[in-house]
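> Per TrEMBL, active site is recorded for 150. Annotated domain 'Semialdehyde dehydrogenase NAD-binding' per TrEMBL: 3-142, in sequence order.
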Ligand SMILES: NC(=O)C1=CN([C@@H]2O[C@H](COP(=O)(O)OP(=O)(O)OC[C@H]3O[C@@H](n4cnc5c(N)ncnc54)[C@H](OP(=O)(O)O)[C@@H]3O)[C@@H](O)[C@H]2O)C=CC1
Ligand SMILES: CC(=O)N[C@@H](CCC(=O)OP(=O)(O)O)C(=O)O
């Protein structure tokens with residue numbers, strides 16, 4: 001059995017990790033931590049675990065937890081992990097960081113977008129951007145996994161297969177993305193208060209969202225050239241889900257079938273990407289609670305534009321599910337182990 005611990009288990013991503021790890025046939029959960037709930041039972045906070053999972057939160061002593069774990073998930077706010085992870089911890093355990101601290105390889109970009117100083121730049125070379133469908137088995141060579149962001153996972157999976165084709169104008173990418181409110185975490189703020197966000201949709205962080213450099217860095221690698229794009233996130237009044245509608249101009253004539261060939265080639269043997277048939281488009285309700293990313297597209301011949309749409313559950317493929325998928329790769333398990341979840345409908 002793999003001994004797994006979750007640091008920051010009291011948050012939304014932490015509790016989703018507990019759901020997936022609890023159901024994983026090869027995992028034993030050894031420690032769950034919190035800074036504010038030490039000594040409290042997890043099921044007191046999350047009543048759905050009553051009589052199922054009876055662990056209590058322990059203090060965030062990472063050295064001790066590392067000694068007793070094969071893998072440690074960090075589900076902490078941005079900027080915290082880089083001050084906690086050390087070389088000594090990485091010698092004892094694998095670390096999968098759900099936050100952004102090790103995602104951007106260009107640290108000047110990290111410090112500019114996150115407006116903070118990175119506290120362990122020397123560990124960057126020991127980390128890999130854990131987008132499983134792209135990095136695959138290479139992930140197993142690393143001790144520190146930077147689990148990708150939620151908007152970024154959805155956007156990159158939707159666009160990456162198009163990056164090496166000469167048919168697209170790579171300087172024309174626009175991503176219009178929507179997220180459910182759990183994307184903002186469990187902490188209270190006015191913007192996610194029910195009466196402030198229900199019955200309304202808003203764009204936020206316009207031309208300023210920190211996922212922009214993450215998407216650009218990864219798509220630049222996929223394209224083999226620098227990519228700059230427009231990314232606009234929106235908050236929608238639903239609990240879970242991300243829908244990314246991506247626009248890219250065509251330089252050559254492409255049919256639906258031509259684009260399909262690119263997706264099929266890129267995602268062959270990738271169990272969590274589902275491409276939809278011609279005329280169908282993803283909906284967040286069909287991926288909820290699962291690790292799937294659904295992708296559909298249409299060539300708009302009138303404007304010479306490809307419209308490609310992706311959908312994921314932000315807490316699963318956008319966070320905890322991808323984290324567990326990374327763990328499976330790290331430990332040589334089948335990628336789908338513990339993740340063969342049928343999307344929940346209706347909810
Ligand atoms: N929500 C989402 O859809 C996604 C989130 N992520 C990332 O995952 C991470 C966790 O997000 P999420 O669960 O949503 O956030 P939450 O706010 O729900 O949870 C974060 C947890 O971290 C703990 N925490 C807060 N401050 C500190 C601190 N200074 N030191 C140590 N622990 C602290 C808190 O627990 P306590 O107070 O009990 O210690 C809290 O429960 C973030 O980096 C986020 O960006 C990534 C992809 C998607
Ligand atoms: C709706 C909402 O507020 N979403 C968050 C992004 C999700 C997140 O937690 O960021 P990471 O994926 O980088 O970890 C935001 O826009 O800040």
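Including glycine, each Cβ sits where the backbone N, Cα and C put it.
Let's see these features in context: how buried, what's close, how far.
The Cβ of residue 150 (active site) has 30 neighbouring Cβ atoms from other residues within 10 Å, across all protein chains displayed.
Broken down by DSSP into helix, strand and coil, the domain 'Semialdehyde dehydrogenase NAD-binding' (3-142) contains 57 helix, 27 strand, 56 coil.
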